[in-house]
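Novice: Okay, so TrEMBL annotates it like this:
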- 46-292: domain 'G-protein coupled receptors family 1 profile' (DOMAIN)
- 30-52: transmembrane segment (TRANSMEM)
- 64-87: transmembrane segment (TRANSMEM)
- 107-124: transmembrane segment (TRANSMEM)
- 144-166: transmembrane segment (TRANSMEM)
- 186-212: transmembrane segment (TRANSMEM)
- 233-256: transmembrane segment (TRANSMEM)
- 276-294: transmembrane segment (TRANSMEM)
Amino acid sequence: MRHCFYNETVGFFYNNSRKELSAHWRPKDVLVVALGLAVSAVVLLTNLLVIAAVATNRRFHYPIYYLLANLAAADLFAGVAYMFLMFHTGPRTAQLSLKTWFIRQSLLDTSLTASVVNLLAIAVERHRTVLTMQLHSEMSAQRVVGLIFSIWAAALLLGLIPSYGWHCLCSLESCSRMAPLYSRSYLTFWAVSNLAVFLVMVLVYGHIFVYVRRRMARMARHTGAHPRHRDTVLALVKTVTIVLGAFVVCWTPGQVVLLLDGLGCQSCDVLAVEKYVLLLAEINSLINAIVYSWRDNEMRSTFRRILCFPCLRNSKYAAPERGLNSHNGHFTVDSSI
């Protein structure tokens with residue numbers, strides 16, 4: 001029978017993986033925590049605004065916006081997870097129990113998985129609607145709720161797997177360097193799975209752009225084409241593609257580093273870049289909310305109404321809703337998204 005080390009300390013596993021544990025607060029530790037807490041606070045605020053905007057503005061009560069709100073919820077959860085990490089890092093790491101350490105890591109894993117699966121769901125939804133040149137899918141509210149529930153169920157499952165067996169507490173030789181209580185095989189599986197999903201999403205959006213370009217060229221030759229509907233569909237595709245692109249840019253370096261660690265690359269100094277790739281990944285949760293407000297005029301005006309509630313009495317904010325037009329039975333929104 002293998003001997004397991006359930007009663008050992010976190011420091012024991014860090015020493016086994018040769019990962020440094022600081023005994024006191026160093027300047028770089030203070031800087032990382034200060035930046036992390038600041039970024040987390042902004043992430044929480046901006047993504048709460050996105051969720052509130054979708055909830056309060058009836059123009060956003062469509063499947064794609066529910067999925068975008070769920071992505072904001074995943075980013076919000078990532079902000080909470082990163083903030084929890086900042087309060088349990090540096091010299092405090094050595095004081096953690098094994099259970100608390102697994103909770104800290106599981107929060108991060110769950111938030112990333114939720115973002116990845118949600119982006120995949122958005123890609124599939126856009127693919128289905130764009131191929132029929134509709135702005136919104138005909139997915140029922142029950143199916144949207146079921147899809148969102150499935151996304152979080154998958155995220156929780158993958159985030160909790162290491163805590164319930166896929167760790168190295170009974171196999172010290174398989175311990176990771178970046179996550180000294182995780183098995184390298186889990187990191188390999190997780191990184192390969194995420195990179196594969198990234199590739200699938202890139203292929204899906206590549207097919208969408210090729211199809212839209214060809215369809216728009218055909219529509220331009222017919223005077224009966226509805227330009228507002230066409231532009232809105234194309235702009236929405238661009239917005240979610242920008243969100244996907246930012247996600248891939250921010251998360252791929254971290255996934256590659258995890259993969260190298262999981263494969264046991266001894267010549268790769270993964271610990272030197274660990275904190276930087278994690279901070280880059282957290283910044284992505286802020287980028288998404290910025291993209292929404294930059295690309296969508298209606299989202300920006302909704303943000304202003306939420307942040308300046310007393311100003312609603314002014315004519316600038318109290319203007320009647322505009323731009324909710326119908327074309328061939330499908331509503332289009334007066335917005336750049």
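Heads up, the Cβ atoms here are built off N, Cα and C, so glycines get one too.
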Novice: Going along the chain, which residues at least six beyond the ends of the transmembrane segment (30-52) come within the CB cut-off of under 8 Å?
Specialist: 68-69, 72-73, 75-76, 78-80, 82-83, 85-86, 89-90, 275, 279, 282-283, 285-286, 288-290, 292, 299, 303, 306-307
Novice: Tell me, what is the mean pLDDT of the domain 'G-protein coupled receptors family 1 profile' (46-292)?
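Specialist: For the domain 'G-protein coupled receptors family 1 profile' (46-292), the model's average pLDDT rounds to 85.
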Novice: For the transmembrane segment (233-256), give me same-chain residues lying six or more residues beyond its boundaries with a C-beta closer than 8 angstroms to one of its C-beta atoms, as numbers and ranges.
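Specialist: For the transmembrane segment (233-256), the nonlocal Cβ contacts are 64, 68, 71, 112, 115-116, 119, 122-123, 126, 129-130, 133-135, 191, 194-195, 198, 201-202, 205, 208-209, 212, 216, 273, 277-278, 280-281, 283-284, 287-288, 291-292, 295-296, 336-337.
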Novice: With a cut-off of 8 Å between Cβ atoms, can you find at least three pairs linking the transmembrane segment (64-87) to the transmembrane segment (186-212)? Only pairs 6 or more residues apart in sequence count.
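Specialist: They are not in contact.
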Novice: Same chain, outside the transmembrane segment (186-212) by at least 6, Cβ under 8 Å from its Cβ: which residues?
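Specialist: Long-range Cβ neighbours of the transmembrane segment (186-212): 109, 112, 116-117, 119-120, 123-124, 126-127, 130-131, 158, 161-162, 166-167, 176, 178-179, 233-234, 237, 240-241, 244, 248, 251-252, 255-256, 258-259, 261-263.
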Novice: By Cβ distance under 8 Å, which residues at least 6 away from the ends of the transmembrane segment (107-124) in the same chain are close to it?
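Specialist: Cβ under 8 Å, 6 or more out: 64, 67-68, 70-71, 73-75, 77-78, 80-82, 84-85, 147, 151-152, 154-156, 158-160, 162, 190, 194, 197-198, 200-201, 204-205, 240, 243-244, 247, 251, 281, 285.
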